[in-house]
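**Q** Sharing a structure below in structure tokens format, with a few things to ask.
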Amino acid sequence: MRRPWGALLLGALLCAHGLASSPECACGRSHFTCAVSALGECTCIPAQWQCDGDNDCGDHSDEDGCMLPTCSPLDFHCDNGKCIRRSWVCDGDNDCEDDSDEQDCPPRECEEDEFPCQNGYCIRSLWHCDGDNDCGDNSDEQCDMRKCSDKEFRCSDGSCIAEHWYCDGDTDCKDGSDEESCPSAVPAPPCSLEEFQCAYGRCILDIYHCDGDDDCGDWSDESDCSSHQPCRSGEFMCDSGLCINAGWRCDGDTDCDDQSDERNCTTSVCTAEQFRCRSGRCVRLSWRCDGEDDCADNSDEENCENTGSPQCASDQFLCWNGRCIGHRKLCNGVNDCGDNSDESPQQNCRPRTGEENCNVNNGGCSQKCQMVRGAVQCTCHTGYRLTEDGRACQDVNECAEEGYCSQGCTNSEGAFQCWCEAGYELRPDRRSCKALGPEPVLLFANRIDIRQVLPHRSEYTLLLNNLENAIALDFHHRHELVFWSDVTLDRILRANLNGSNVEEVVSTGLESPGGLAVDWVHDKLYWTDSGTSRIEVANLDGAHRKVLLWQNLEKPRAIALHPMEGTIYWTDWGNTPRIEASSMDGSGRRIVADTHLFWPNGLTIDYAGRRMYWVDAKHHVIERANLDGSHRKAVISQGLPHPFAITVFEDSLYWTDWHTKSINSANKFTGKNQEIIRNKLHFPMDIHTLHPQRQPAGKNRCGDNNGGCSHLCLPSGQNYTCACPTGFRKISSHACAQSLDKFLLFARRMDIRRISFDTEDLSDDVIPLADVRSAVALDWDSRDDHVYWTDVSTDTISRAKWDGTGQEVVVDTSLESPAGLAIDWVTNKLYWTDAGTDRIEVANTDGSMRTVLIWENLDRPRDIVVEPMGGYMYWTDWGASPKIECAGMDASARRVIISSNLTWPNGLAIDYGSQRLYWADAGMKTIEFAGLDGSNRKVLIGSQLPHPFGLTLYGQRIYWTDWQTKSIQSADRLTGLGRETLQENLENLMDIHVFHRRRPPVTTPCTMENGGCSHLCLRSPNPNGFSCTCPTGINLLPDGKTCSPGMNSFLIFARRIDVRMVSLDIPYFADVVVPINITMKNTIAIGVDPQEGKVYWSDSTLHRISRANLDGSRHEDIITTGLQTTDGLTVDAIGRKVYWTDTGTNRIEVGNLDGSMRKVLVWQNLDSPRAIVLYHEMGLMYWTDWGEHAKLERAAMDGSERTVLISNNLGWPNGLTVDKASSQLLWADAHTERIEAADLNGGSRHTLVSPVQHPYGLTLLDSYIYWTDWQTRSIHRADKGTGSNVVLVRSNLPGLMDIQAVDRTQPLGLNKCGSRNGGCSHLCLPRPSGFSCACPTGIQLKADGRTCDPSPETYLLFSSRGSIRRISLDTSDHTDVHVPVPELNNVISLDYDSVDGKVYYTDVFLDVIRRADLNGSNMETVIGQGLKTTDGLAVDWVARNLYWTDTGRNTIEASRLDGSCRKVLINNSLDEPRAIAVFPRKGYLFWTDWGHIAKIERANLDGSERKVLINTDLGWPNGLTLDYDTRRIYWVDAHLDRIESADLNGKLRQVLVSHVSHPFALTQQDRWIYWTDWQTKSIQRVDKYSGRNKETVLANVEGLMDIIVVSPQRQTGTNACGVNNGGCTHLCFARALDFVCACPDEPDSRPCSLVPGAVPPAPRATSMSENSPVLPNTLSPTFRSSTSRIRTALEEVGGRCTEKDAQLGRCVHSNEAVPAVPGEGLHVSYAVGGLLSILLVLVVIVAWMLYRHKKSKFTDPGMGNLTYSNPSYRTSTQEVKIEAIPKPAMYNQLCYKKELFHPSDSLSPFLF
């Protein structure tokens, strides 16, 4: 702390009152008062010292505002008193440092590519508005704020962020405005069962919990862990699991994130270089009394007054008495100090002669001389400084002052010049350099994402999100790639710089990859791993990976490259922290810094400045040094709580800080100008400046051909080195071997590694395998280069090539703890032990033909080895009686060879040469050997073996793994001497083998045609040498060679994710998976067809019923719709039917075995039906119901004669089976925990087995019952008569569901329906008294009692987003049946065309309108473009037009039914049009609009005469339908929750139902109004007249949308467009009183005419007249009153021309339009037709008058005048009126049925 010299003076030099307490000071008259210091201190100086050009106050306040005549005539006097050369004035450089030399300069002419600053400077135009103050006065950054895109949120400060960051709980705007006014926080969703929830709510996979990695980012996943991975020696383990240097314990600084390193501490001990704070914390001694509160309790700044001499300013002199005076007062002959120290001989002051004068010899001054108080004072020109003699001047070397120039500096006599490296340019200040190219971007990892921020602005964008734990980061600018490491996934990944194409680069062998660096010149990727203590390198795609440095590394962290120099730099924060460097090939390793380092985190290189910068999180400092470590200096030493990563760009440093969760910046030279770029980040990690100048161009030493290297080419100094991937040996200076000949193979639970014996470094290399969870046992086969391993977490056996390719699972079922593995390389067999099932099994090496060899008297078998030469296998067993056994490889000749002095016999190995068996015993802590028969047993190694596990032999060495020492060791195989450690510090070491290519060949009978065996040929001891064996569950036939074709008697059961079988033909129970090649999710119920050998099952998650052959082939789904939770299923093998129960829909259904002819049998009074069984011979079915009132029921197999058998003392009746032999019904109850029995009528009820914990499935075969149990996860067996002799069949089977016992040898019974299906057209269902014929759901049986209609006559059709369904109104069950239309995503609106029998629908996910037949076939897209949100759809079945509303575009459009002739009808004053309906007979179009002003409107079908019908008392008018009989409109209001109606003019409005939940759509049929309701998820109906009799038609349907009625009475009537499209070429629109022709908005290939019957000529060359607009709704002037006559004739024909008819030529051709001859009017045929029509009308009128006179009772009042607009462009309103006189309705019906043969045309077209 600086103390002013004035504080030492007395009297008038001191202020009268306390100086520190008052900001105002008063000095005496003869003194000048300096400015008050920041600490409130005052300084007084003699008055004559003011404006003498000397800094006497120390802050220049005595010289401010002074104009001193101190400059020579050749110099320019700056405003601040500085003198500069006059030639420097107005040269564009700020030489005065206050810009006064550049003021009032004539404006400089800027070049075309330059921007003129307001201060006169010129800068590059590209620098304008780049966020950087290049002008110096910020005039180049006065820019308009950029607009945010639609997907961005604008912060209050004008910056833009991603829209989804708004109110996400993370402050992304600098001003925090994105988290203001947010709704109350929604609680974070709970994590799944497979996830762990971090302290702040984030979910991570549960396997990452307590794995030693900080996956949450706050160490909460590592807190409260009982078994942390131990830290290394010299480290302290935090409670969170983090390892830190042991020396940091109790040093007063919290280094653990949970502060556990500072708990339970006594007094901290500080080093000699540290100061101990009052709190006990240790800080640097140099921070003592530096004015900064470093202790956080200010104790380092207390009592500082006497700690040393006061500090004077740089241009001041410190007197002996502590006073500070201006430097110019030295040796001036005046005692300015007061103690004469300024004039002492020590200052080399010359004695004054009194004769000095500037006019004589310039006063002895070499440059400038001035007289001050009668004395000569020498001064120097700018660029020079005064020497110690006070006379001479010497050049100032500005280049020696660090930071004077940004990059390069050249000094000259009295001057200097700054210059920049290539890629940079001098700024207008001529001292700092600006990088050329785009604006720099800070790229940083934020753990859960990677973001970009512009350092000079507030722009903030997301690059990648949804990451796990991104730590290290780098980029490749030329390739536009970003790389990052994820320490949770233990992966290195990359993506394009736009965030696309994410892919893994390195996915194996990583533990804690904390540093990452890209060599952009040679395209290599380097990384550090503090877990493996390695530095590795690979190509950018991860190929040719090599361990570069591994020795003497502890915790390498940050890494930086200098490809131009071929150097790599890294930090290591192990027990001896240091910064090191080496060539990029790993050679020339050297230490750069190793003193005063604690926790060196970030590291970066300033390529232009040729320096490195690093941060020390423990030292709280940012330092720099030359690249060789020299000139080391602290840049920032305060305000750095926990810096992590650092980058440099131009003159700025940028770093991230863990504690402040911010990105900060400062000047790289001085550490000043500190600024927070971003704060409140999630967890900022690594940071880089994304700019091309951060990766400057350099020479690629490897050239274009990779230096001629076969694999890696790595730079080394100015040359390069060819290198090989880890483990591969070099075969020449440029080439590597293509494969490995021999390597040590070992398992480490989470990975499998190899150590090559082809190279000397013995580095372990991870084999790139996927999903290795807990690998234990290993083996290999060099013939196909395969490595095999077992995984006791996934319970699988897998294999892959030794390089990791071709990975596949070979065995994945019925494994519990596969601990041993052995390959028979002679017969290609795979042997394994299972300590969970206590079995030894064998299979082909691909896992096929698996069989159990030994299943008795095994107690935790462990390792296994085979000796194919002799035909024996050996295994260890470490159960209650540990032993080593052997047997033939076919399980023959089994015997115990070692049974004493064993505890935990683990690894086994055979020395085939010396015929010895070696084993390791973890309990005895020995490695022993004996002969293959157990003789000559000896201890090989009996000391320093804490816990040996795996064991193998190769050459003269024996190798083993040890759990406790975490090492791989070897010794001499004969003596046990010469022990060596190959690898250490390896957790979870398991099995070990040596892969080589010298296994001895063996000839066996199995090599010749498989020994004649049909399935497995196994090696066995001599004399036989082999034996044949069958797969599990299948017996060998008497010939000893052939296996039976399959299981005859077996159990088959569902296990949610698979179906398994247990053979009852063999003496042991072994489950075998039915190899069905599909993914099962929740398989529950199961049934078998023994006749065809098929298994049937239900999956309640996939909602389907499927079947397959018992061998897994020919899988097919038979029921895929209308299922929710199919809990019960059974197969009627006799009647060839499948029955099932559905707890979700509460139905019992039946169908053919292929799923066809599906019928609901029981649907009433069901409440969770579960199991179902059949008794075909009796015609009965039985089922359990475990609803609120549990019961057991019976009915005939056609659903009739339903009876409740048992309804008391039932809880959860699950399994059910029928014992036909004893006429008993048996069931399992999981609530009462009993298995009970009764007779077939429910009588004689008694308990068979009790207690049973949680029985589910139940079945019966012969004299046993079998059941599955959820609680025990087992299958049990008991006697069916007594329930005794309970036997465990199979255990450890989670997810057990239904079970069935099958004996395919038993004959099936007699089919009650006989051979001809009982004469039924569809379903024949047994009954106790015979059988009955039945129809599929919704279809009625005809009067003959045997045949069915093809489809329902009247039914509801509704959509539910992903499906279209129908509900028949012909039957009473109201069961929904799916219409099998493919590719449904989000269906909203529906309509039906009764003419072609097609359903039309909108899909707003695909934005299309499609149509299909009702059987699901012929699906086609009608409208596929130009749609946004098509909410409403309507079919005009008469004119064959399609209408729809588009809420997204606010339009109503129309087209032909095939999608052609598309036209916008209404596009103004629409604000959310929704439902739409048409009334073709009236020519009306209706729609609802629930926009800002809700309304219901009507228009003609062409959009004309638009009218608002209702616009009051509306909320959200959703659905709309028409009652064509009563001529009323009905609508639902989802906001007001009611259903209303009105007449067609909007009058006579009435509320039908006033309380509905959330109605969406409605329709009408007969006396009922039907509607869908979102909230109740149901379809309901009420009486349309009274609004009463409300009923639920269908319940529990998700996503209900539109609903319509299909009925012969619904789409009736016609209009003028109904015949031959009204004569229109394209669109025909009926209106209330006439019709019009219209053209599509987009012309097609056909000429369009607005004149009915006229076809315009083909278009000629375009002219101005031809392109003139044509009014769409007008007719040609040549079309006169004949139109009316034509229309009348057409109406009397009354037919319809469908699209199909038109294609087949069935339309009326006499009325087709033909080209008209110019000037001739209509064709002659039209004239003749018109005359005939008139005559016909007259005849009809006469006949009608006569008829009316005689039969007045047939008179129809529904007649009226048909009015047509005059077909003329004139303004005349003349109308032509023609009376249309209809025939009686009955007559018309007869005529139509006779002439048109179409039931829907039964009404007269004239009945309006």
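These residue numbers are counts, starting from 1, taken along the chain as shown.
Just so it is clear, glycine is given a Cβ too, placed from its N, Cα and C backbone atoms.
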**Q** Pick from C167, C191, C198: the cysteine that TrEMBL pairs with C182 in a disulfide bond.
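**A** According to the record, the bonded cysteine is C167.
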**Q** Regarding the disulphide bond with C225, report which of C210, C238, C243 TrEMBL records as its partner.
**A** C210
**Q** Filter the disulfide-bonded residues C110, C160, C216 down to the ones within 10 angstroms of C203 (disulfide bond), Cα to Cα, kept in sequence order.
**A** C216
**Q** Can you give me the Cα-Cα distance between C148 (disulfide bond) and C167 (disulfide bond) in Å, rounded to a whole number?
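**A** Rounded to a whole number, the Cα-Cα distance is 17 Å.
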**Q** How big is the Cα-to-Cα gap, in Å, between C167 (disulfide bond) and C160 (disulfide bond)?
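**A** Per the Cα atoms, C167 (disulfide bond) and C160 (disulfide bond) stand 14 Å apart.
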**Q** Cα distance, C243 (disulfide bond) to C191 (disulfide bond), nearest Å?
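**A** C243 (disulfide bond) has its Cα 28 Å from the Cα of C191 (disulfide bond).
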**Q** For the disulfide-bonded residues listed here (C182, C250), which one has the lowest count of neighbouring CB atoms within 10 Å of its own CB?
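**A** Per-residue Cβ counts within 10 Å for the disulfide-bonded residues C182, C250 bottom out at C182.
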**Q** Over the repeat 'LDL-receptor class B' (915-957), what is the model's mean pLDDT?
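**A** Taking every residue in the repeat 'LDL-receptor class B' (915-957) and averaging pLDDT yields 95.
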**Q** For C122 (disulfide bond), which of the disulfide-bonded residues C182, C225, C243, C277 has the nearest Cα in space?
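**A** Checking each of C182, C225, C243, C277 against C122 (disulfide bond), the shortest Cα distance is to C182.
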**Q** What's the number of neighbouring CB atoms sitting within 10 A of the CB on C295 (disulfide bond)?
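**A** Other Cβ atoms found within 10 Å: 22.
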**Q** Which residue counts does DSSP give the repeat 'LDL-receptor class B' (915-957) for helix, strand and coil?
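**A** Per-class counts: 0 helix, 24 strand, 19 coil.
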**Q** Find the shortest Cα-Cα separation between C289 (disulfide bond) and the disulfide-bonded residues C110, C160, C182, C198, C337, and name the residue that gives it.
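**A** Checking each of C110, C160, C182, C198, C337 against C289 (disulfide bond), the shortest Cα distance is to C337.
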**Q** Quiz question: given the disulfide-bonded residues C243, C265, C337, which has the greatest number of C-beta atoms lying within 10 angstroms of its own C-beta?
**A** C337
**Q** When the number of other CB atoms within 10 A of each residue's CB is tallied over all shown chains, which of the disulfide-bonded residues C122, C198, C203, C277 has the maximum?
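**A** Buried the deepest by this measure is C277.
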**Q** Checking distant contacts: for the repeat 'LDL-receptor class B' (1179-1222), what same-chain residues at least six beyond its ends satisfy Cβ-Cβ under 8 A?
**A** 1128, 1132, 1135, 1139, 1141, 1148, 1150, 1161-1162, 1166-1173, 1228-1232, 1237-1238, 1240-1242, 1245, 1255-1260, 1265, 1267-1268, 1280-1281, 1298-1299, 1312, 1325-1332, 1334
**Q** What parts of the chain pack near the repeat 'LDL-receptor class B' (1527-1568), using Cβ distances under 8 Å and only residues at least 6 beyond its ends?
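**A** 1354, 1356, 1358, 1369, 1389, 1475, 1477, 1479, 1482, 1484, 1486, 1488, 1490, 1496, 1498, 1508-1510, 1513-1521, 1574-1576, 1580-1585, 1587, 1590, 1600-1605, 1607, 1610.
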**Q** Taking the Cα atoms as reference points, how far is C243 (disulfide bond) from C210 (disulfide bond) in Å?
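**A** Computed Cα spacing between C243 (disulfide bond) and C210 (disulfide bond) is 14 Å.
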**Q** Residues with Cβ closer than 8 Å to the Cβ of C105 (disulfide bond), same chain and 6+ apart in sequence?
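**A** Within the chain, C105 (disulfide bond) has Cβ neighbours under 8 Å at V89, C90, G120.
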